[in-house]
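Asker: I'd like to ask you about the structure that follows.
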Amino acid sequence: MKPGTILVLATTFLLTRIHRGLACTSGSIRLVGGTSTSEGRVEVCSSGAWGTVCDDFWDNTDASVTCRQLGYDSGTAFSNAYFGQGTGSIVMDDVECTGTESTLTSCIHTTNHDCYHGEDAGVRCTAATNGALILSRYNITSTSYYYGTVRVYYNGWGNICDDYYYNSVEANVICHQLGYTGASSYSRAGLVSYGTDYLFMKWDDVNCASSSYLSIAQCSYSTSIDSGCTNSNSYDATVYCYTTRIWNSNPFPGMIRLQGGAYSNEGRVEVYCNGQWGTICSTGFGTTDANTICKQLGYDAYDSISYISSYSNYSQPIWSVNMYSTSSDVCFGRSNSCPSSSVSSCTHYNDVSITCRERYSSTRYTSSAATCAGLIASSSPSTGTIIFYRNGVSSPSYYYGIVQLYYNSRWGNICDDYYYGSAEANVICHQLGYTGASSYSRAGNVYYGTDYNQMIVDDVSCVNRNYLTLLQCSFSTYIDSGCTNTNQYDATVYCYTNRIWNSNPYSGMIRLQGGAYSNEGRVEVYCNGRWGTICDDGFSSTDARTVCKQLGYSYYSRYDHLSLPGSSSQPIWSRYFSSSSSSTCFNSRNSCPSSSITSCSHSEDVTVSCSYSSSYTNTATLGHCNINDTTPTENDHNISAIEGTVGGILIPMIVYIVCCVICCVASSKKKSKPDTSRRPVILLFSNISESPTK
């Protein structure tokens, strides 16, 4: 037998003897079968005997509770008897910890099971890494807290001194690292009641150069603590974060998040592609890739890589295999793209998990949420898609910039020539979901950088400033010579930040949410004062076409059902959506129910991508499906300007004239040739019948 084999067997034997020597008291736990005391099969003492835990629903949250009970900071979950099969009883199944429990047996679980020892759960426990953050309230920490006293890990847990430097900028960065969009307030422990944790200060003079940073590791700090902070816990920094998650606020293709870890700097790596979060396969994944992921999230480097299976991600797609990175990459999207469909050569047992860390050095990355936006376009943008570009980045969250249009299977610019004016700028803003344009110009007059795209359309002319999409307007694909040789004539626009759907929404109004572009996403309809979704039961291509027509598009390019971020708390307002080939509005054949539909779930929410077709001309305008809308548009005939009164009742003057003519004709007994003075009356009726549908 080889000496190395003898050493492994001896180590395993000694560890087993050590674990067997632990006293079995009800609720106590031990780890068996690992190569160190910090890992192994989880065994729980129940009724005076050791038993195993079944891996059903076993994930990193459960592992972290287990490890904290054993004195560690966090843990990684393992399943399928990774550390060998146990013997005896299986004493816990369906374990679902929230992360706040102090013991494993305090977590939700059942003692009945349908398992065998090939499903024994295991863990690998670790200490937190430098730069980890967590919030504490009344001496209890939890990854689910969004306000509390700030704890930072730097060779041990401690607090941050709330001194001269600590303000809204630093508070925002702390909330970003915890996964929230920002801080609503900040203070010190002496002014707010979160309890006293009696930890020593770890960092002082924390100073972040930008409030858009993603982690505290990007900020400067001192480990020399001022005397004012050393003698009191009243100066512990606190923060109160907004509850909206960064990844639910305008996610972009190639956006990265970590999920299921004990802290926000660790967990399963997920990437946003094709409107849905998915995982990364371990095949071909290396240390350079891990460093790229961590740098995108604002950390200096990776600390560890593992490959685990989490039961919470089985329904997700796998978006990346053989990820490629260079040492200079700080974004997934710099050297990688989104596939058109989920990778089938991997399973979720090969999902990548990593831990990122802070490293005190002169190299500090300035990554923000926008740094990596725009590097990956949607896998298949539809004809007519619009997006804004600024200084090297295209982003669906921008409300001003150079206008980029997807047409004839490529991206290009719009020539700002004689026709481009306020009407065209307004329509562009409408398509992006804004109420209108505050200004417009050309790239040569405003500094948004140069995108080097070729011009793709010229002579864009919108006869109605209330149109909803740009390709409702006329245009030419022949580019004038003045626009072909320079990017100075790229059309630009600056939109108001008010959203159309927040400005007097009406019953039956439609919007698309959660997509990579404004012409795609989850279909939402406004009913009973709330936005809700549409169930895919009975939803057809005719219905998809109706949705797109209402939004100003001429056709749909695809429809599906995806559970996109943000829909779980919304009602479901429609099932068996009804349309005809001529329908242009939801409310032409559908009505709002009195309450949310309960026979569908949000995994059945309809998603649609709208497109342009030259075979159909759409003249839809703002509010054209609002049956109660009486606001005249540019194409409406100004009927309200000619009104009269009969018997004290206000009626249209055209009706008044008709009545007079009928009365006059009836009172006349003689026959004569037709009176031409009556013709304008007929024309007035003709105008009414031709007015645009509201």
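Here the Cβ of each residue, glycine as well, is placed from N, Cα and C on the backbone.
Any TrEMBL annotation is an automated prediction that lacks curation.
Since this is a predicted model, take the numbers as computed values, not measurements.
Quick paste from TrEMBL:
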- 1-23: signal peptide (SIGNAL)
- 29-126: domain 'SRCR' (DOMAIN)
- CYS97-CYS107: disulfide bond (DISULFID)
- 123-242: domain 'SRCR' (DOMAIN)
- 256-357: domain 'SRCR' (DOMAIN)
- 387-496: domain 'SRCR' (DOMAIN)
- 510-611: domain 'SRCR' (DOMAIN)
- 649-668: transmembrane segment (TRANSMEM)
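Tell me about the surroundings of these features in the structure.
Answerer: Per DSSP, the domain 'SRCR' (29-126) is made up of 16 helix, 40 strand, 42 coil.
Mean pLDDT of the predicted structure over the domain 'SRCR' (123-242): 87.
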Asker: Within 10 Å of each Cβ, count the other Cβ atoms and name the one among the disulfide-bonded residues CYS97, CYS107 with the highest count.
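Answerer: Result for the most crowded candidate: CYS97.
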Asker: DSSP on the domain 'SRCR' (256-357): how many residues come out helix, how many strand, how many coil?
Answerer: 20 helix, 37 strand, 45 coil
Asker: Could you give me three numbers for the domain 'SRCR' (387-496), the DSSP helix, strand and coil residue counts?
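Answerer: Per-class counts: 17 helix, 45 strand, 48 coil.
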Asker: Determine how many residues of the domain 'SRCR' (510-611) DSSP places in helix, in strand and in coil.
Answerer: 16 helix, 36 strand, 50 coil
